[in-house]
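Per TrEMBL, the features are:
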DOMAIN    71-173  domain 'FAD-binding FR-type'
BINDING   122, 124, 139, 141, 148, 149, 190  FAD binding site
């Protein structure tokens, strides 16, 4: 009997742990961390029923071959850390040789964090071009009380972190939409950039784009040089809405004519939608409150729900 219970303990030690809610990033990944758990649990149950531990061998929690994978976490090294604003950083990660992540547009990847033994996961969209070779870059905002932020703040060049993916994405096709209206709040800018870049890189793509970036102050606008470059293209317009600026006088003159102060409200939305050159298809990315507000304002401006995509 003794050996039986000892054996039972062995099997219990091998049983996969159910994820805690903090480990799910809530972005609708396929497979979600819960799907991965269900799969591992079924595998464990089969192995236990047959009393054959070798059936568990294929269970691998992470890999080091630097190939991004949706099921398992892969180790990537940080090659540079750049602070963009007081709470926003741009991180560059190494890819072996001249390989690339090969993400489709607006796809996100999931980061695993660990603080005081608690594991959690969050989704981020790389801002580097999908075909960038040998590296990928991610823009991250750190929040005072955020668990992931506590973890990210400790990162230095040369550290190793774990990602899995890719997931989601917007199924963009050149010239499918006459005009894209992109509504982005803060780091909600990130899934818009690969789509913008693909349009400007493709001479045959004549899609108009109106990007509306919502930030608190002028200082808080991310990636200004990149946005200014993109705005030089004939088919790209960029507007800024700065909720905590009261006047445009202190802004550089090149920003004054395409910047609004205050919040992006229903009236401003109508103005922007009416200024679009063609009936727009709308992409939205921000906090859940931002996304809900935008959907409401768009409806008031006559844009149907089936003409919107929320990241």
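Backbone N, Cα and C atoms are what each Cβ position is placed from, and that goes for glycine too.
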Legend entry - residue 149 (FAD binding site): tally of other CB atoms within 10 A of its CB: 17
Inset, instruction - Looking at FAD and its recorded binding residues 122, 124, 139, 141, 148, 149, 190, figure out the farthest C-alpha pair and report it in angstrom, whole number. - result: 18
Inset, instruction - Would you mind listing, in sequence order, the residues at least six apart from residue 148 (FAD binding site) in the same chain with a Cβ closer than 8 Å to its Cβ? - result: 111, 113, 120, 122
Legend entry - Secondary structure composition of the domain 'FAD-binding FR-type' (71-173) [DSSP: H/G/I, E/B, coil]: 6 helix, 51 strand, 46 coil
Inset, instruction - Give me the non-local Cβ neighbours of residue 190 (FAD binding site): same chain, 6+ apart in sequence, Cβ-Cβ under 8 Å, ordered along the sequence. - result: 124, 125, 126, 127, 138, 139, 285
Inset, instruction - Tell me the Cβ contacts of residue 141 (FAD binding site) under 8 Å, same chain only and six or more apart in sequence, or just say none. - result: 87, 88, 149, 186, 187
